[in-house]
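Take a look at the structure set out below.
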């Protein structure tokens, strides 16, 4: 009990000590913390700080889903980062922090905010980085657009774009593009496929605008991307000629079509290389030359060098090169160049004579003369020229071709000479006295000679006749001491130069005739000299005209005249002394084209000097003016032959000269002083492709796989040839995998070219397939040797990831399967390929397409085939395969790789396996249903005429579906059932759109008198190439209509009228009978045979089932159709009869009349007797009338409207309308009880006898109308019938009576 008191005493103290231990608490700043996302793992993130009023030791902890980010020191509260933070993934999160003093635990929720840092680089979002643009794209156009994204925020996420590098890197291309803030790449300058580059690669980089990272400012940039830009060449440039000038020579006698030279032009648009054609657009001599489309200039007309003397013997033609297609401006792209063609001389002219004086001759061919007149004194001294003769000989040819010989012919040729005897070009011709004794006026007053000019080369000649008139002289005349004075004078001497003062004449007559005066007779240059009349001194009158090169010797006649006018003459031979006054003249121009290396220069400089031949003044010496390349040539100083001393090398010539070596040849004479002429000889050393392009190194490049269009690297080559045609370097790639790359060539300068190696825009390299590409780059130019140089290029593929499988195209080749269970099991196998080494491939069926004749037929073939996972194709339902249901089965398959890495396409493209279903002859032909009834009217059907037809099809194809028809059996079945075979039919075949038609034709005429049906069995059989043929039969019934159904219709109109109304008649007959009307004949009737009918028509009326109408049936049907009957009557129908109805002859007509009279007489007697008997039997008639009344009350009223009478009869077209011919259907009790009853009467033979009847009877009581006059008592039977019809309308009563117009005809 004591311990209980002790416990009660200590319990309050214990409670006080427990309640005094307070729990720890966190500070107010422990609810939120901000940490940068770039805080390194392991760094102190923050401290957990708590306080405990009891100063107990505290421990710390962190819990919750995000506690893994941190690690905490439980004793110190230091919190370190355990996992990296990422603002872009988790921008903020919560953790639970806790502290404990060992007894109490305090928790709190802390918000951790992650602060963004610039830790992300921009990433391009584009999937493709290639494009193509036209070279004419306007400046400022957007070429391509890129987009990059930066996941950071603020300025760190603001993306800017930069163009780091442009390949090729030139001053022009570096500024060719610019990129906008939105990523649009804009063209900054003009493009040119030919003058700049055809391909560009832009290295782009995207950078953010900067931010803080690791406590420092940081700007992040993306990995570079490469944008490939292909420039598409546009036709914007004109063509250009390969050479800067063209020249050639051709002989003037060249035939039409002779090739002169070839010009060549190329399209300046290298990427298009359009076809260039050539034409002559202008010419100094139109029509002389033309050009073919391939650039060959040829002779197109007759040439004549002599017409070109004023044009330096050259023809200029303007050649225009035109591209085949229009340029981008819609205009022709063309360029022009003048071509020089020198026409060389041939000896095509003979010398001619002209009546003129040099140098004033025009030498027009029309002015050539053949007759000349001259004068000379008799006994003139030898070598005295004929005065008054102005003859010039001229040959327009050049050089030796223009040299000719002069001679004399004729009866007086011995008396004269011609001077000169040899000349070239043009010369004044003088005829001089040779034998003065023969020149005797007393013997001949007129002498004739022929001057012959003969071509020195061709022996062509011309003849001129000179008529010389002799002058008579006196015997005493002045006499010169010499008959010929040989004088000399320098050419071009001063005017007044004294030639001689030694010539004197004496006159034997003394002074009788006065002093002697001297004068020069005109002609042959006499106007160039003058003589002093008194002294005889000879001086030069005009020294400037004395030119030895034009005329070396002048033959003048000096006349001495005495006072008696007697005169004498002497010959003056004045020879001009040559001075060196003419420099050498070089013929033509010299442009030589020679290929380098093996080409040889061999050209002779042709020159001449007009100074005196065989003197130093005309002796020419050739020399070369020293120059840069003159040492490579030799020039013969005497002949002017220029040769090269060794092989010429185009590459040794300054490229600026473009292969042209201009040599200056000095042509000098040896006179005093020496005169010279310079001529330039242009030797164009034509470049040949004798230098190979060379590379300066081998190349190693690397490229990432799966990056299409990536730039790989650049190779360079150099060609020493100088012309663009020969140093144009084209690059080509060879080696395994070369087709994955494209090498874009770009011409640099001075024979250098570079090739940019790119991946094709649509090619993605695969590291697993090929890690290295060992390529060979070939540099070649279009030389005939076909040689090239190469460089090794190694491309290393850097690995990224892989490719989808592909289907083997060979395994998808179309196969054929025969229908209807002909084949089973596997028919083919689809093979798939995958360049990946770990590929696990399967084949799956994607779709099945069933088509027949190109038309989709749905799912009819879906179960026929199956595809196994290994690609094996099996037949599932062999028996179900049916060609007639489906012609072509298309299995759409694809391959997939089970081991494809995520993110890559595991499926191949769909492939189509075509399975052609081969037809088997499994379908017999079948006849198409034919509801037509075939009817034969033998009288109307002729041989070779179609009487029936069948149509058949065969669902098989080709030969299996071709149908042939045959008649297996044909028999005639009579109406009594008997039959017999016939051979009267044949069958022909036609086909249209797969439908075969068999036409059954008659072979011979049919018998029109027999009745029955032809049964024809037709067989359709196909024509298979393999296996048995299949056939089908059908039997046709051909109904015959014999002559018993022939009906004759008589008309009141003529045969012609019936024929004209035939269509209306047939239409009315068809309307009434509903049959087909077959007209046999239409004939006129003898006018004496009938009273009304004028013509008849025989016809058949046949139903569609093969039956025909008889005469009776036709009558009934026509009577029933009132509209048709009315129309036929209007068209003249009179009688319908059988064919046997013939017109009676006169004898028969007479017999008929007699018989008719006898019958009429008997009839009259019978009527009289009958009337008497009826009077006696009136009582019996009364009884019968009463009985008839009773019967009439039992019979319904039938009011029959009057109908039209049938023409030619006493019958009406209504049933029971003819009481005489038709028996009543109801017995009214009027018949006699026995055949011997004398009181028997017909219904239309009622008399007027009255019968005592009860008129008050209800049945017979008449209702009188007011005002009606009294009527006589009716005949008893009439009253009975009238009473029965009481109540009918008045119109009905009126219609009970009619008049029969048929009684008007004579046909009774």
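Backbone N, Cα and C define each Cβ position, glycine as well.
Note that the structure is predicted; figures quoted are calculated from it, not measured.
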Report task. Scan 567, 822, 1141, 1297 for the residue that Swiss-Prot records as phosphoserine. Result -> 1297
Query - Stretch carrying transmembrane segment according to Swiss-Prot (options 1090-1110, 1111-1131, 1153-1173, 1174-1194) - result: 1153-1173
Requested in this report: Among 1019-1076, 1251-1308, indicate the range for which Swiss-Prot gives the feature region 'Disordered'.
Outcome: 1251-1308
**Report entry** the topological domain 'Cytoplasmic' (1174-1308) [mean pLDDT, rounded to integer]
**Finding:** 44
Query raised in the report: In the domain 'Cadherin 9' (929-1051), how many residues does DSSP put in helix, strand and coil?
Result: 7 helix, 68 strand, 48 coil
Query raised in the report: How do the residues of the domain 'Cadherin 8' (809-927) split into helix, strand and coil according to DSSP?
Result: 4 helix, 53 strand, 62 coil
**Report entry** Secondary structure content, the domain 'Cadherin 3' (242-353) (per DSSP, counts of residues)
**Finding:** 7 helix, 55 strand, 50 coil
